[in-house]
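These notes concern the structure reproduced below.
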Amino acid sequence: MHDAGKVIPGIIIFVVFVTLPFWWNVGKAVPKVEVELPKEYTSCVEDKSFMIREHMKLLDNWRNEVVRNGYGVYVNSKGQTFHMKFQEGCMKCHSSKERFCDRCHNFVAVKPYCWNCHISPEEKKGWATKKSNVETFSKQPASHH
Amino acid sequence: MFEKALVGSKKYYALVFFLASLFLIGLICFIYQMKVGLGITGMSRDVSWGFYIAQFTYLVGIAASGVMVVLPYYLHNYKEYARLVIFGEFMAIAAVIMCILFILVDIGQTHRVMNVALHPTPNSVMFYDMIVLCGYLMLNIICGWTALSAMYKGTKYPKWVKPFIYLSIPWAFSIHTVTAFLYAGMPDRHLWLTAVMAPRFLASAFCSGPALLLILLYIVKTFTKFDPGEKAIKALAKTITYALIANLFLFGCELFTAFYSGIPAHQHSLIYLFAGLEGHNKLVPWMWTAYACMVIAAILLVIPQVRNNLQLLPFLCLLVVIGTWIDKGMGLVIGGFIPNPLHEITEYMPTLPEVMISVGIWALGFLIVTVLYKMVISVMESRRLI
Amino acid sequence: MGNKKIKRRNFLKAAGFASLAGAWAAATAGFLSGQRVKAQAVKPTPNSLVAGRWALVIDTRICAEHPECRDCIEACHKWHNVPRFPDKQHEIKWIWKTHFHNAFPYQSHEYDNEDVKKREVIVLCNHCEHPPCVRVCPTQATFKREDGIVMMDMHRCIGCRFCMGACPYGARSFNWLDPRPYIKEPNMAYPTRMKGVVEKCIFCFDKLHEGKLPVCVRACKYGALTFGDLADPHSKVNELLRKHFNIRRKVNLGTGPSVFYII
């Protein structure tokens, strides 16, 4: 091989660099993510392990069924029925986005944009007090050319 | 071959640096647009497409026009174009990339753009637009790059490229036809709702594209040893002349239909563009400039002594480029939205960040052209072809 | 030179096979561990309102008696968190009032009777039988339901605004900016939209699921709006249409609007 003296150290440096996160964290305890579960309920629409693993697919499925296919009710694996609602469904039990959704999402660094449109329980409390510097303006006149 | 693009004169580096900085300014404006939203542009509820889509439309035409040198060379064996073909193809590559970027900066949810491929929708013209644009980009990369490699190696281009070259000819027509169908298929937008939309698009493309190509070749000729050849230039000038006249003729057809039939809906957008409607007349000076440029260029190009005057020709080409650019890159898209479906008038002018983003994309296009043309010239020099 | 080339080719082959094997292994692993979405059942909401083709009949004579009334508009915009932008250019509206000659251009003329001339009418999405917006949408973000409602899937919209150009009724609005700061009193039971998507009236499909009529219809205290099934000959809407002279917007375009105006 040409330039073995440069190529081999190069490969070694590359491998070390790529695996750096593993070396960095070796021997350290894995931080535990604790999400706050609703106190008054013991079960979700499906069992816990399914929800942890598949909640994003379930939610995606729900929104398609509601918005695109016109269904409103979900029948779970035990035959129980639930209204497929997010803001007015899921978040009624999981009454905090910050202490439930965000704790895990922040840890795994994902940023789902549900909350760009759906109003989180926190915002429900905060919106009214939020100062809006938006121009107030009265009834819009009928359009005229 | 790419190494040829890395070494050059001071002037070459200066041009690359200048274009790259313009692109960066555009990029900064685009980041601002991503943060705030398309509200930073001049577009509105009534004029929902603006400068970006108009540039896209114009550039699809530039991309398609590559065929005006490819077709005579490969189908009619017109040898004079032998050295021009690659320049035409490389200009098409840059134009298609600019088209794609103008679409990307125009859509509201940029990161969702792949939805067009994830949920293919054959009833939408935009679906076909995506296919033809990506296809045309691939075809030109394949044809242009193999031709350049062949030149580099001092051989003829490989046989397997032939089918791709032949395919690229109807494909070029298809990209601009599909783009015209984006507009011509909308009910109640009378400026666009016309069967001659696609022919008109092609006519304006086949005059503006070769005109831009000729200007670029003149610039290349000034700074390098490359000479496209008198015969090739004169032939290209003929193409420009015919296409420009066809473009003006088709516009005349539009005027006839609208004003002889006397149907108000057909007239309103045209009146808005050329005379102003109900006191709104922001585009009137632009439109008269556009048609003055095109008509003057057409008259002068028809006269053989003027057309064959190689000193004058680049200025006539400039008139063609300016005229067609205003006509298609401003008037056609914006005029179609005025008046709106409720017969109200909202005018439109691009904002500064909007213009800067557009300038950035144009700069990137010119950068791509610069680098690709530099490679061609260097390969030609190393092979002692010039 | 030649030797090197073959080596490269072999390398590429090997790399190709390796990635294929990797993809296969990943797929199999997923299959064996049972990590697939279980097929779950969904069903329609009980007592949801259903129809063959939903339609809205607007009695403009009743509206004309109450020129100041904007109840339907305000109720709709409040419920659906429609923002109010100070700048007309960014305006978002699902339902609004406009002059007769704006709603029906090329249909009104200078000899219209005085009453019609100054009449303001309510305009909104027409939920067309052959909607041009659906035809042009490249992602099926807007689509027609079986009951005739032209729906918007804001989750899928890429914001290309092709639908806005195609709609001959100007019924669609785009979120040029983040709408949230412009919603003064949000309805916490309904989502907002985000910047970069198109929105419009969706005939309150969610209210229909709950067995309720659309918000605008319920807000009208004068009974000017009638919502019902056009496919059912005995429905209230059909009864009204049989009895009274009515028009639709721009029928010459062949879109087949489902919103009717009694004049």
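Cβ coordinates are placed from backbone N, Cα and C, and glycine is handled just like the others.
Per TrEMBL, transmembrane segment is recorded for B:12-33 (among others).
The annotation transmembrane segment is assigned in TrEMBL to B:53-75 (among others).
What TrEMBL lists as transmembrane segment is B:84-105 (among others). Remote same-chain residues near the transmembrane segment (B:84-105) are listed as 30, 33, 52-53, 55-56, 59-60, 62-70, 73-74, 113, 133-134, 136-137, 140-141, 143-144, 147-148, 151, 172, 209, 212-213, 216-217, 220, 228, 232, 236, 357-358, 361-362, 364-366, 368-369, 372-373, 376 (criterion: CB distance under 8 Å, separation of at least six residues from the stretch ends).
Residues or ranges marked as transmembrane segment by TrEMBL: B:125-152 (among others).
The feature transmembrane segment is assigned by TrEMBL to B:164-186 (among others). Residues 56-57, 60-61, 63-67, 70-71, 74-75, 92, 125-126, 128-129, 132-133, 135-136, 139-140, 142-143, 192-195, 197-198, 200-202, 205, 332-333, 336 of the same chain lie 6+ residues outside the transmembrane segment (B:164-186) yet bring a C-beta within less than 8 angstroms of a C-beta in it.
Long-range contacts of the transmembrane segment (B:198-220) within the same chain: residues 57-58, 60-66, 68-69, 84, 87-88, 91, 173, 176-177, 179-181, 184, 226, 228, 233, 236-237, 239-241, 243-244, 246-247, 249-251, 254, 313-314, 317-318, 320-321, 324-325, 327-328, 369, 373, 377, each at least 6 residues beyond the stretch ends and with a Cβ under 8 Å from a Cβ of the stretch. Here TrEMBL flags B:198-220 (among others) as transmembrane segment.
With a threshold of 8 Å between CB atoms, the same-chain residues lying at least 6 positions outside the transmembrane segment (B:240-263) that come near it are 68, 190, 194, 196, 199-200, 203-207, 210-211, 214, 270, 291, 294-295, 297-298, 301-302, 307, 317, 320, 324. Residues annotated as transmembrane segment in TrEMBL: B:240-263 (among others).
Sequence-remote contacts of a segment are chain residues at least 6 beyond its ends whose Cβ falls under 8 Å from one of its Cβ atoms, and for the transmembrane segment (B:283-303) they are 237, 240-241, 244-245, 247-248, 251, 272-276, 312, 316, 319-320, 322-327, 330-331, 334-335, 347. Per TrEMBL, the feature transmembrane segment maps to B:283-303 (among others).
Feature annotation from TrEMBL assigns transmembrane segment to B:315-335 (among others).
Outside the transmembrane segment (B:355-376), and at least 6 residues removed from its termini, the chain residues within Cβ reach (under 8 Å) are 1-2, 4-5, 8, 12, 15-16, 19-20, 22-27, 29-30, 33, 51-52, 55, 59, 86-87, 90-91, 93-95, 97-98, 101-102, 105, 144, 148, 151, 216, 220. Positions annotated as transmembrane segment by TrEMBL: B:355-376 (among others).
Sequence-distant contacts of the transmembrane segment (B:12-33), counting only residues of its own chain at least 6 positions beyond either end whose CB sits under 8 Å from a CB of the stretch, comprise 40-41, 105, 353, 356-364, 366-367, 370-371, 374. Note on the transmembrane segment (B:315-335): residues 47, 49-51, 53-55, 57-58, 61, 183, 191-192, 201, 204, 207-208, 211-212, 214-215, 240, 244, 247, 269-270, 272-273, 283, 286-287, 289-294, 296-297, 300-301, 306-307, 348 of its chain, located 6 or more positions outside it, place their CB under 8 angstroms from a CB of the stretch.
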